[in-house]
Ligand code: AP5
């Protein structure tokens, strides 16, 4: 059965971490608009050029751009692949666009999983985050260091990077954007009875277990 899931939560809530676990464990595909936009910035595409300053400031890229990226990716994947939306939708307009994108492809949302977190702890999580520059594997200064110092567990590279928007000031703007524009879309999905809440402050494995329990109720 094909699943369509949204992981919702503020910056640093663990959406990317959990989406990547679901990819590994279930062969689902993570659709992260943040990753798509960063790839566009890196490639210097017209979308990337438009998005860079907005992302560096911690503000939201236009609804049309991100919904366009999601539509393209869904078409590339075809109908039989289960997907996890990570960082999308982030506004009421994007939630409406997603309904259209899914409906046109005969998909329907199964679960919206909110990662409930303590915002004060998130600045620490985000500013300590880094990743392998070669394969993208994620690490954290305190919670998830490579097993061998300065060596990626996955690909062995010694080259690591940090995101330009992972500084304390930009994180505060990203949080404010979440509170003002993203949190208000939860009631839309609540009214459909598809929202589940997970304690995102629990250790990564426990958060994963809680999500697995929700997915086990699908169908
Ligand atoms: P995006 O890339 O989506 O960033 P974000 O939402 O700010 O989310 P993050 O990636 O920072 O956090 P996360 O929840 O994935 O946490 P993670 O798993 O990494 O967006 C970036 C920018 O792109 C936006 O600001 C905007 O400009 C633009 N954009 C993207 N989508 C858009 C859209 N739809 N519309 C408009 N603009 C858009 O975890 C964080 C750290 O914590 C990691 O180090 C991890 O190891 C650690 N960690 C995770 N879980 C736990 C745990 N349970 N316990 C301890 N540590 C944990």
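Each Cβ is built from the backbone N, Cα and C atoms, and glycine gets one as well.
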From 90, 105, 106, 129, the one annotated by TrEMBL with 12, 13, 14, 15, 16, 17, 202 for ATP: 129
Stretch carrying region 'NMP' according to TrEMBL (options 32-61, 152-181): 32-61
Count of other CB atoms lying within 10 Å of the CB belonging to residue 59 (AMP binding site): 15
Which listed residue (13, 132, 152) has most other Cβ within 10 Å, given these are binding-site residues: 13
Span of the AMP site, taken as the largest CA to CA distance across 33, 38, 59, 60, 61, 87, 88, 89, 90, 94, 163, 174 (Å, rounded to a whole number): 24
